[in-house]
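Copied over from TrEMBL:
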DISULFID  15-30  disulfide bond
DISULFID  25-42  disulfide bond
DISULFID  54-80  disulfide bond
DISULFID  64-79  disulfide bond
DISULFID  74-91  disulfide bond
DOMAIN    1-46  domain 'P-type'
DOMAIN    52-95  domain 'P-type'
């Protein structure tokens, strides 16, 4: 996720120690960019952007309700409701995906 390292120089949060190498910086899960003097070269990546979706039928459904739950009650809990197919939960948790 290289885009997570596209952080404006003034917004960089230091992630290493003075003189840290690029390899050591990356090994601890941080970004390294030595192109701008006077600001942290080893810095924390941007948080991953995620969103919650109602997954397609190929993903396993994790039950969010109870037998006979209504679509309204299910959606009020923040879950997905699909009254098909038989034999799987109709009210199920949303899937978290990276953008």
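Heads up, the Cβ atoms here are built off N, Cα and C, so glycines get one too.
TrEMBL annotations: computationally assigned, not manually curated.
What you are looking at is a predicted structure, and each value in this text was computed from that prediction instead of being measured.
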Fewest other C-beta atoms within 10 angstroms of its own C-beta: which of the disulfide-bonded residues 25, 54, 80, 91 fits that?
54
Are there any residues in the same chain, six or more apart in sequence, whose C-beta is under 8 angstroms from the C-beta of residue 79 (disulfide bond), and if so which?
64, 65, 91, 92, 93, 94
One finds that other Cβ atoms within 10 Å of the Cβ of residue 15 (disulfide bond) number exactly 18
Around residue 30 (disulfide bond), how many other CB atoms lie within 10 A of its CB?
21
Nearest recorded site to residue 54 (disulfide bond) by CA-CA distance, among disulfide-bonded residues 15, 25, 42, 74:
74
Within 10 angstroms of the C-beta of residue 74 (disulfide bond), what count of other C-beta atoms is obtained when all protein chains are considered?
20
At 10 angstroms around each C-beta, which of the disulfide-bonded residues 42, 64 has the fewest other C-beta atoms nearby?
64
Quick one: of the disulfide-bonded residues 25, 42, 74, 80, which has its CA closest to the CA of residue 15 (disulfide bond)?
42
Residue 42 (disulfide bond) versus residue 30 (disulfide bond) - Cα distance in angstrom
6
